[in-house]
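Trainee: Before anything else, here's the structure in question.
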Amino acid sequence: MSASEWEILRELDALKEAKATIARKISALEAQLKQIQLQNDAASNAFSSSSYSTNGLTQDMIHRYSRHLMLPSFGVQGQANLLKSSILVVGAGGLGAPALLYFAASGVGRLGIVDHDVVELNNMHRQVIHTEAYVGKPKVKSAAAACRSINSTIQVVEHQEALRTSNALEILSKYDIIVDATDNAPTRYMISDCCVVLGKPLVSGAALGLEGQLTVYNYNGGPCYRCLFPTPPPRTACQSCADGGVLGVVPGIIGCLQALEAIKIAASVGEPLSGRMLLLDALSGRIRIVKIRGRSMQCEACGENSTFTQQKFREFDYENFTETPLCVPPVKLNLLPSESRISSKEYSEIILKKEPHVLVDVRPAHQFKIVSLPKSMNIPLSTLEVRLPEVSSALKKEEENSGAVSGSSAQLYVVCRRGNDSQRAVQYLHKMGFTSARDIVGGIESWAHNVDPKFPTY
Amino acid sequence: MDETYRGGLELLCDSKKIHNVNIEQQNGEDKLTMKDLLSWIRTNLIKERPEMFMKGDTVRPGVLVLVNDCDWELSGQLNTSLEEKDVVVFISTLHGG
Ligand SMILES: [Zn+2]
């Protein structure tokens, strides 16, 4: 990027920031002005506003939430309860985004947001609360600004930090209802345990691919997360949205349902989804609500003889328990000796020198279709075993085409997305007699970083 | 009997989510239980990485088993007896968001 481009981008950023600040000031001042005008009106009126019976709702509130008030099953009492309630949303991502929008719009009195991450363009397909102007900025700031612009009359609290055993008790204790909108197993156990020791209901949602799950834990004697899942799943069974993909609208639906459940609890209306679990299968258009076990007497967290206290919570090692780090950095395996690996730069030189070789890309076929390196052949890792003959014949063909010139045999290289599966593939290839097979360190992501910044990453 | 796999478990059996299976009673026993079904699935359906579905003779941690839309904890887990047309669903808990 040239210096002048840089300068313009920086100025644009500064101007956008200033614009947002001004917009916030305008809406705050407008709200203030309206309030003063209303007070003046009330004062000039022969009737003082306190002479009307409104169940504690102001004229503004009655106007804003009128469609809630018109609902016989929700009504003034439901809205008054909601206005007095406080809800904490942990995670301002795909689940938290729609939930937060509805909480703000519906008038939750105090709305807390916890997140340590920044807004990323490749998450915006599902994190609909964030706008392009906030890319690279903290999600909490972005989400809080969106909530305030929808409803300037509620209190929005920003917790711009990762939830940990050291701060969770303090943060969660300030709210009536907790919404788990996070994306990993250790945090889910941590939030559930914290809700148990603090006695808070937990509205839990999850989504991946085209499926979603929803239930309410620790509500009115119902089960907690550990009652259902006393032992954490093996790490290999926990896929993330970054690795498995997710259709944006799926967490959107689950997040909306989380908002619904939390609003019901806050307003004290209806039957919360406790002791039951909603399962969404978006692809087939099926929603199933199943009956799940009640509170387990043997539960380590909430059972009869549980010794799980606030102190124990503070000392509990969730990363160790689930064998998963709380903040998930992509795993970097190191399975091969260095002579069996080459860097993406070295591989680019092999292409330039036209050295005879075959490049096998072991990513799943649908990822290969997104983008691939020139002349690579796609053999997904799971099919490598049965497609070994294709590797042999490709090598043979390459040797026939160029062997006469160089006199040397064709080399075999393996690539994947980040350089883990390619090592597994090379290990297998070595075992099967392709002893010179080598993998490209860091996969196509490294190619994009170190060889060609124009190469698309996903 | 219908079986459904969700939350990625379908990937372990040829990406097929719904299986209609007919299991012959073994050793003259008259009742088929979940235990029998699991061992049948392990031999006949799971194509790859059985450890992603089972641990010992039961399902691995993080898999919910539902018999006719009801948690199998409520019907006796492995001892749940199964009948013609029962629907068994295996769900892997999700963590994403
Ligand atoms: Zn419990």
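Just so you know, glycine gets a Cβ as well, placed from its N, Cα and C.
The coiled coil feature in TrEMBL is assigned to A:12-46. Residues or ranges marked as ATP binding site in TrEMBL: A:Gly94, A:Asp115, A:Asn122, A:Asn123, A:Met124, A:His125, A:Arg126, A:Lys139, A:Asp183, A:Asn184. Feature annotation from TrEMBL assigns Zn(2+) binding site to A:Cys224, A:Cys227, A:Cys299, A:Cys302. The annotation active site, glycyl thioester intermediate is assigned in TrEMBL to A:Cys241. What TrEMBL lists as domain 'Rhodanese' is A:353-456. Marked as active site, cysteine persulfide intermediate by TrEMBL: A:Cys416.
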Trainee: What is the separation, in Å, between the Cα atoms of A:Cys302 (Zn(2+) binding site) and A:Arg126 (ATP binding site)?
Mentor: 34
Trainee: Which value in Å gives the longest Cα to Cα span across the ATP site residues A:Gly94, A:Asp115, A:Asn122, A:Asn123, A:Met124, A:His125, A:Arg126, A:Lys139, A:Asp183, A:Asn184 as recorded?
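Mentor: Max Cα-Cα spread across the ATP binders: 19 Å.
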Trainee: May I ask for the distance between A:Gly94 (ATP binding site) and A:Cys227 (Zn(2+) binding site), taken between their Cα atoms and rounded to an integer number of Å?
Mentor: 26
Trainee: Does any of A:Met124, A:Cys224, A:Cys227, A:Cys302 have a Cβ within less than 6 Å of an atom of ligand 1? These are the binding-site residues; tell me which, or none.
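Mentor: Passing the 6 Å Cβ check against ligand 1: A:Cys224, A:Cys227, A:Cys302.
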Trainee: With a CB cutoff of 8 A to chain B, go through the recorded positions A:Cys227, A:Cys241, A:Cys302 and name the hits, or write none.
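Mentor: Qualifying residues, whose Cβ lies under 8 Å from chain B: A:Cys241.
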Trainee: I'd like to confirm something. Which of the recorded positions, A:Cys224, A:Cys227, A:Cys241, A:Cys299, A:Cys416, has a Cα closest to the Cα of A:Met124 (ATP binding site)?
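Mentor: Closest by Cα distance to A:Met124 (ATP binding site) among the recorded positions A:Cys224, A:Cys227, A:Cys241, A:Cys299, A:Cys416: A:Cys241.
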Trainee: Where else in the chain does the coiled coil (A:12-46) make close Cβ contacts, counting only residues six or more beyond its ends and a cut-off under 8 Å?
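Mentor: Contacts of the coiled coil (A:12-46) (Cβ under 8 Å, skipping residues fewer than 6 from its ends): 59-60, 133, 145, 148-149, 152-153.
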Trainee: Within 10 Å of A:Asp183 (ATP binding site) (Cα-Cα), which of the recorded positions A:Cys227, A:Cys241, A:Cys299?
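Mentor: Of A:Cys227, A:Cys241, A:Cys299, within range: A:Cys241.
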Trainee: Say you check the Cα of A:Cys416 (active site, cysteine persulfide intermediate) against those of the recorded positions A:Arg126, A:Cys224, A:Cys227, A:Cys241, A:Cys299; which is nearest?
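Mentor: Closest by Cα: A:Cys241.
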Trainee: Restricting to the chain of A:Arg126 (ATP binding site) and a gap of 6 or more, list residues whose Cβ falls under 8 Å of its Cβ, or answer none.
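Mentor: Same-chain residues close to A:Arg126 (ATP binding site) (Cβ under 8 Å, separated by 6 or more) are A:Gly93, A:Gly94, A:Ala97, A:Cys241, A:Val246, A:Leu247, A:Gly248, A:Val249, A:Val250, A:Pro251, A:Gly252.
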